[in-house]
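Asker: Mind having a look at this structure? Questions to follow.
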Amino acid sequence: MAKQKFERTKPHINVGTIGHVDHGKTTLTAAITKVLSLKGAAQFMAYDQIDNAPEERARGITIAIRHVEYQTDKRHYAHVDCPGHADYIKNMITGAAQMDGAILVVSAPDGPMPQTREHILLARQVQVPAIVVFLNKVDMMDDPELLELVELELRELLSKYGFPGDEIPIVRGSARNALESPSKDINAPEYKCILELMNAVDEYIPTPQRAVDQPFLMPIEDVFGIKGRGTVVTGRIERGKVKVGDTVEIVGMTNDAPRRTVVTGVEMFQKTLDEGIAGDNVGCLLRGIERTDVERGQVLCAPGSIKPHKKFEAQVYVLKKEEGGRHTPFFSGYRPQFYIRTTDVTGAIGLPAGMEMVMPGDNVVMTIELIVPVAIEEGLRFAIREGGRTVGAGVVTKILD
């Protein structure tokens, strides 16, 4: 089969399945590809293909993760499914596969379980914008009143963790019946729940603002002085766009207020550009800035769009020994390096009240105080390193200064 061209005609959305082990996340993922393949909008992927997920590395951490893609009439989706519970935690904290929305799979006979709660909490912490629920295995429930109770419990749980529990769509069905049905007719009754779910995902999960439409930000990777022209900073534009004549700020790595300057040139591969946009690797020539005024680890950004901070709260996953992490626990006051965007900054860790220590393999909320302010915002991912090796991964959940 010839490779199909990637059509940019539809908005592109990243989703993923979350929920307790054995509640049917992978079965549902396979069922979605099967049902949508009946109208040529996906390639069917069997359960085993999805379950046997390849490993990826993100921020120094190995994660098993399976990507599938499919389309609805309205959108193009990239969907992630992880085989193990630890893989989910690692994926959500490192943002290896970004989620614009999540499909929470709950087995109706079991109701919400510990990992259901943990995944909802994590989704809130890492700011997954929206959740749609698939209430699975309803064919195993005879009592409609029990189903109502499970739904009620789920809505309360979602509200407790800061999601709009009363509004969230809950679709009932059986992923296995859809997956195992021999029917080639997309209107077969077993497929109705999958189409209903995709409709809910289409309608309820908002289209994210594209990176290029957000305020300009570029982490500085390198600084050069060019004789007779001034100082050039290079990096990959994280969001927004930049063109000659734009006023920008240099933020972080100093206790002084951010410096303002004007971009007098934008280059890519030694060629001048009209404008650099999100995803481009560029060099920006800055007016009136000395080579010694800028350093790696700072960011170049739209004025006022991001502030430097020292103190924040973060959700952190600490690597196990087998993953190349620490062999021993650490305590409050532990001072590793925090790799934020392009550089390491030393900081001290504070543990929550009543928590003595953190063991390798733990997933915890902690406060972090850096020795210098850095451009930070909620949702920013970082790695924790010790002697150059990654010992943890985190995401900023709250700014504290």
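Glycine residues also receive a Cβ, built from the backbone N, Cα and C atoms like all the rest.
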Asker: Ranges 136-139, 272-275, 388-391: which does Swiss-Prot label region 'G4'?
Answerer: 136-139
Asker: Per Swiss-Prot, which of 60-64, 220-224, 300-304 is region 'G2'?
Answerer: 60-64
Asker: For which of the residue intervals 19-26, 291-298, 323-330 does Swiss-Prot record region 'G1'?
Answerer: 19-26
Asker: Checking feature assignment: region 'G3' per Swiss-Prot, candidates 5-8, 69-72, 81-84, 141-144. Which range matches?
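Answerer: Among 5-8, 69-72, 81-84, 141-144, the range Swiss-Prot annotates as region 'G3' is 81-84.
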Asker: Just counting, how many other CB atoms are there within 10 A of the CB of Lys25 (GTP binding site)?
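Answerer: Taking every protein chain into account, the count is 27.
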Asker: Cβ distance under 8 Å to Val138 (GTP binding site), same chain, sequence separation 6 or more: which residues?
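Answerer: Ala108, Leu147, Arg172, Gly173, Ser174 - these are the non-local Cβ neighbours of Val138 (GTP binding site), listed in sequence order.
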Asker: Please count the residues of the region 'G1' (19-26) that DSSP assigns to helix (H, G, I), strand (E, B) and coil.
Answerer: 2 helix, 0 strand, 6 coil
Asker: Let's check the environment of Gly19 (GTP binding site): how many other CB atoms sit within 10 Å of its CB?
Answerer: 26
